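Annotated in TrEMBL:
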DOMAIN    4-119  domain 'Tetrahydrofolate dehydrogenase/cyclohydrolase catalytic'
DOMAIN    138-290  domain 'Tetrahydrofolate dehydrogenase/cyclohydrolase NAD(P)-binding'
BINDING   164, 165, 166  NADP(+) binding site
Ligand code: GUN
């Protein structure tokens, strides 16, 4: 078993991103600029957004955090998005999900100018991605492709089983792995909450990507020997041991699955760190007008 080391790959790619950001600053006098909008005080969202802001600063981007209390109206949030869309100093806009129940996430997603949609959630970006056209690719699936590339993992002709069909991970990931690109060219199966006997499918996976949000969901008996295992799980539990007061668990029973795998991502230290890289790369591409003129 070998580790797909998110810490190693993300640090390496951050240096490349920082170098490009410095070049942009030297040539244009401006930094790539990401705006993150955070509504309410969800513990996970607070952590993720703080990490996004911190990493922007670390690579020489400008970042702005726009905060709202959980009772902000949908109308006010949509108005803010319009304002951010119109501001020429902003390259990327993300609205952290989940949003409170009274706000329709689809309305917010579609309100973001697709040319600044560095989350890649807008239907224009999703459609363009599916067609293999230049687009912003959702950060977690993008980060996973960068990791597979870094380690030269063979994907063509493999059976990739994606567990979970979320708009953020499972669904876009399945599209990427089926595309006629590298990484890609897989036969893709998507499993979800209505799939009977998920094990029948996971046992066939050469590449198993798990984004279901349940600790230890994938056990050793569900994995084919030699499989590549990508664990997207970010299950937070309170802990008296860690400094943060939380401990992170993946969706995969790492201890028992790892000995059967050819490659596996740890949690923490795997996909989570690569998600940040996906976001930074999209923001950089937006600043350079690489995707849309
Ligand atoms: N919530 C969980 N992951 C993400 C993400 O990548 N982007 C946004 N905006 N919200 C999220």
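Glycine is treated like the rest: Cβ placed from N, Cα and C.
A TrEMBL annotation is a machine prediction, not a hand-curated record.
Values in this document were obtained by computation on a predicted structure and should not be read as measured data.
Overlay of TrEMBL annotations on the structure.
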| residue | record | Cβ contacts under 8 Å, 6 or more apart |
| --- | --- | --- |
| 164 | NADP(+) binding site | 170, 191, 192, 210, 211, 212, 213, 232 |
| 165 | NADP(+) binding site | 171, 174, 190, 192 |
| 166 | NADP(+) binding site | 211 |
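Note on the domain 'Tetrahydrofolate dehydrogenase/cyclohydrolase catalytic' (4-119): its mean pLDDT in the predicted model is 98. In sequence order, 162, 163, 167, 168, 169, 170, 171, 190, 192, 211, 212 are the same-chain residues whose CB sits within 8 A of the CB centroid of 164, 165, 166, the residues recorded for NADP(+) being left out.
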